[in-house]
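Chemist: I am attaching a structure below and will ask some questions about it afterwards.
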Amino acid sequence: MDALEKSLCDFTGSTPLDQRFRSLFTIKGLAATSDQHMQRAISIISQAFSDDSALLKHELAYVLGQLEDARALPTLKKILQDLSQDAMVRHEAAEAMGAISDPSVLPILEQYRSDSDVSVRETCELAISKISFDNSEEGQALKQSKAQAKLAEEQSGLGGVESAFKPIDPAPAMTPAASKEAARSQADGVRYDASHVPLFQSTLLDTNLSLFERYRAMFALRNVAHGGGDGAIQAVLALARGLQDGSALFRHEICFVFGELCHPASIPSMLHVLNDTKEHEMVRHEAAEALGGIVEEGEHAANDSANDYTRVLDTLNKWAHDMDAPRVVRESCIVALDELAYNNDPTQFHRIETSTPVAA
């Protein structure tokens, strides 16, 4: 991992940001291969928080959460407590604690539930709710069911909706029938389709409900969209309606979901968000990164999406070079352009994990 550490922790500016992102996610992949690599990965990623890029540090916190290892908690706690850090970074640290879901972090999350920044407050609220859910009877049943389903998928070589989304969500997807029985069967066979969109949309847009319940509806709509067909477009449009919500955190998560889905129907919404200079930079950054994954020219050209590709490319280039734009927006566009280029021409560069020998 020495070469990866050198790349990720290059604070001189000589290593391009997009290359450092590739190094980060290569480290994330290697972490899963052994406990030794996991410890080394956590150590390297923790060192990288010395960088001055809020975008990179936000991504570092995200990855630490996705590693789902309690040894990352000291670093995440330190970041959340550091009021000099950008709120976007602190929010991601709190969300990462929720992903790891260790009840020992509940006191610090409760403390920062009254933080001066609303995105940090809301994230702490979500993380507390997720940890509570994970340790409830329903959450434990869901965890067991998913573990059994994962084992069955590994044995059969098949996978369903849940296996398509490996990231740990900040809230479990709502089921068509919110019950313990539904939770137990979710990983085994709950089918999300167009008939569920009205219920999920209603929950998503109901500001009288908790943020956690609305997030659950958000990820349920994602699962509907992943199923394809008419339900996919309906679900994407339902999610897009959530972009009118008053919470920047909520809007940014919808953009993240669009990035997971890579559905062409979300392109107009993401372009609108990125071009809206009055929108919160956290939301614009997520829209930019979502656009980087949505369009693959060769795949979609036959579906009359060439114009979409051109618009996305032009818009990302515009904001990547606009020195008056917030730094996190510019850098997100740079990373998105790198992803877009790779998706369309894998021969233009070799990913660092295949071109650079990795020494543990």
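Glycine is no exception: its Cβ is also placed from the backbone N, Cα and C atoms.
According to Swiss-Prot, the record shows the following:
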| type | residues | note |
| --- | --- | --- |
| REPEAT | 56-82 | repeat 'HEAT-like PBS-type 1' |
| BINDING | His58, Glu59, His91, Glu92 | Fe cation 1 binding site |
| REPEAT | 89-115 | repeat 'HEAT-like PBS-type 2' |
| REPEAT | 213-245 | repeat 'HEAT-like PBS-type 3' |
| BINDING | His252, Glu253, His285, Glu286 | Fe cation 2 binding site |
Chemist: Restricting to the same chain and to sequence separations of six or more, state which residues have a Cβ under 8 Å from that of His252 (Fe cation 2 binding site).
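Modeler: His280, Met282, Val283, His285, Glu286 - these are the non-local Cβ neighbours of His252 (Fe cation 2 binding site), listed in sequence order.
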Chemist: How big is the gap, in Å, between the Cα of His58 (Fe cation 1 binding site) and that of Glu253 (Fe cation 2 binding site), rounded to a whole number?
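Modeler: Counting only the Cα atoms, the answer is 14 Å.
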Chemist: Measuring Cα to Cα, how many Å separate Glu253 (Fe cation 2 binding site) from Glu92 (Fe cation 1 binding site)?
Modeler: 12
Chemist: Residues other than His58, Glu59, His91, Glu92 within 8 Å, Cβ to Cβ centroid, of the Fe cation 1 site?
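Modeler: My list of surrounding residues reads Ala54, Lys57, Leu60, Ala61, Tyr62, Met88, Val89, Ala93, Glu95.
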Chemist: In sequence order, what residues of the same chain, 6+ apart, have a Cβ less than 8 Å from the Cβ of Glu59 (Fe cation 1 binding site)?
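Modeler: Correct list: Phe21, Leu24, Glu92.
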Chemist: To see if you understand the setup: which same-chain residues, six or more apart in sequence, place their Cβ under 8 Å from that of His91 (Fe cation 1 binding site)?
Modeler: Asp117, Ser119, Val120, Glu122, Thr123, Leu249, Met282
Chemist: What other residues of the same chain, not counting His252, Glu253, His285, Glu286, have a CB atom within 8 A of the CB centroid of the Fe cation 2 site?
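Modeler: For the Fe cation 2 site the neighbour list reads Leu249, Arg251, Ile254, Cys255, Phe256, Met282, Val283, Ala287.
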Chemist: Go ahead and report the DSSP secondary structure tallies for the repeat 'HEAT-like PBS-type 3' (213-245): helix first, then strand, then coil.
Modeler: 30 helix, 0 strand, 3 coil
Chemist: Sort Glu92 (Fe cation 1 binding site) into helix, strand or coil using the DSSP assignment.
Modeler: helix
Chemist: According to DSSP, folded down to helix, strand and coil, what is His252 (Fe cation 2 binding site)?
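Modeler: Its secondary structure by DSSP: helix.
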